[in-house]
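Pulled from TrEMBL:
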SIGNAL    1-22  signal peptide
BINDING   Asp70, Asp346, His350, Asp387, His388, His463  Zn(2+) binding site
ACT_SITE  Ser120  active site, phosphoserine intermediate
COMPBIAS  247-260  compositional bias 'Basic and acidic residues'
Amino acid sequence: IISKWILLQLCWLCVIICGQRCKHVFLRLVEQEKDPGFWKEWAQRTLKNALTLQDLNKNVAKNIILFLGDGMGVPTVTAARILKGQLSGQNGEETQLEMDKFPYVALSKTYNTNAQVPDSAGTATAYLCGVKANEGTVGVSAAAVKSQCNTTRGNEVTSILKWAKDAGKSVGIVTTTRVNHATPSAAYAHCVDRDWYSDGDMPAEALQSGCKDIARQLFENIPDIDVIMGGGRRNMYPRNTPDVEYPGDKKHNGTRKDGRNLVGEWTDRMKDKRGYYVWNRKDLFSLNPSNVDYLLGLFEPADLPYELERNKETDPSLTEMVDVAIKILRKNERGFYLLVEGGRIDHGHHDGKAKHALHEAVEMDRAITRAGLLTSIYDTLTVVTADHSHVFSFGGYTHRGNSIFGLAPIMSDIDQKPFTSILYGNGPGFKFVNGARENVSTVDYEHNNYQAQAAVPLSMETHGGEDVAIFSKGPLAHLLHGVQEQHYIPHVMAYAACIGQNKNHCHTNSGSPSLSHISPTLAVLLSVKWLLC
């Protein structure tokens, strides 16, 4: 007899495949939730699963992947889970994100050395370089002072990406923001100001003192990063150079004062090393990853568009970029390190546009799923976390299955007006009409660009200061446990991969780490999966 649970799972799959035609079947099976046995069986199944985690995975991590959801606080994770389910015709609350399936979850304390509520630069230095730092600075210790060039020298700190490269691994960066934005820049740059994207953004005194812009450091500090994909074209070209995609729009022109064409320099350097530069989705997919050793993909002058606004003919999705990146990087027998940033989750929240933020989070979860299909839990440590949270919330006693972007079922008992479940503590959504709170039932609150109401008026919503989640799976993932300082993350990943400073526990015969405790049969199965994906 097929259990009620299996029937429910099959129905959910049916909903995904068939859409609304199957929804009535799903609704019938939801009746099973009224039976206490349904929940008890579910709990026992979960308990049985949990008991298997006693057999810890202590293999060496050949590959390490960090998925960073910029601004993806716990409320964002929960709301994205509901959205994912609702996009498939479900109620949403019972859905699992791919990151939800990871066996280990911890909390990360996100403060910067000089800030209770952090920014994305100081946090990136923590989870990439293993050192807490001041807000606004990347790849430098807390001894460096924001925007003071002369405090850079001697305070540089290196990242896990460099540790991996020095160990002979292939390395990559994939982001939906500019490749020289705060998160990716901490992987390769040492800069006291996260906004020094190109020399055109730097004050004269900083240039005269010898400080380098972040775009330049991308190509000079670690010149052989194997895969770089994201936006940021305009910071790579001389000032007033028309953009290849938007030649008539001057705001997308090059910004460099030094006259250098960094893309051209990279292309010349890599032309005999199977290196390719692409600037659109078509060119990206014209490549055979098996024949590519180095890839530079810059798909927009600045950040990539939101997923809901993406031109699917010209710009790749985060999932597509991750797919290509892993297929290139995994050719290295020593393994790889990959940093993946869902960077525009943060931008959606700053704009008060929750729909964009949550769709960005769902897209990153798709990318996590794809990465899981292309790798193995036995030799790949995958970590999903956030740099910080936002003052984003959802509540209002909404009913089961209520649209995550919908109204609460009650009116305010103060102004007798409706309100959306999603609200912000501050931001651009603050609005008074005729001296009173706007009546949201008079506007399209499910529009892509709707700005959810905020309690305090600000032109840009702020970060939140609470802890964020760390999801992990793979070798030594259990070391990410409890409540930890954010800078602990790269040290665990390096320890698992036998790179960086702490390698006393590593034993190899060939000079490179190798897996243990994997049976020949399992090895064959993993090889078949690798070939199929």
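Here, residue 1 is simply the first one shown, and the rest follow in order.
Glycine is no exception: its Cβ is also placed from the backbone N, Cα and C atoms.
Taking the features listed in TrEMBL, we show where each one sits on the structure.
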residue	record	contacts (Cβ under 8 Å, 6+ apart)
Asp70	Zn(2+) binding site	Ser120, Thr177, Thr183, Glu341, Gly342, Gly343, Arg344, Ile345, Asp346, Ala386, Asp387
His350	Zn(2+) binding site	Gly71, His390, Gly427, Met460, Glu461
His388	Zn(2+) binding site	Gly71, Gly73, Thr110, Val117, Pro118, Asp119, Ser120, Thr123, His463, Gly464, Gly465, Val468
Local Cβ density at Asp346 (Zn(2+) binding site) - other Cβ atoms counted within 10 Å: 29
For the Zn(2+) site built from Asp70, Asp346, His350, Asp387, His388, His463, further residues of that chain with CB within 8 A of the site's CB center: Gly71, Asp119, Ser120, Ile345, His349, Ala386, Ser389, His390
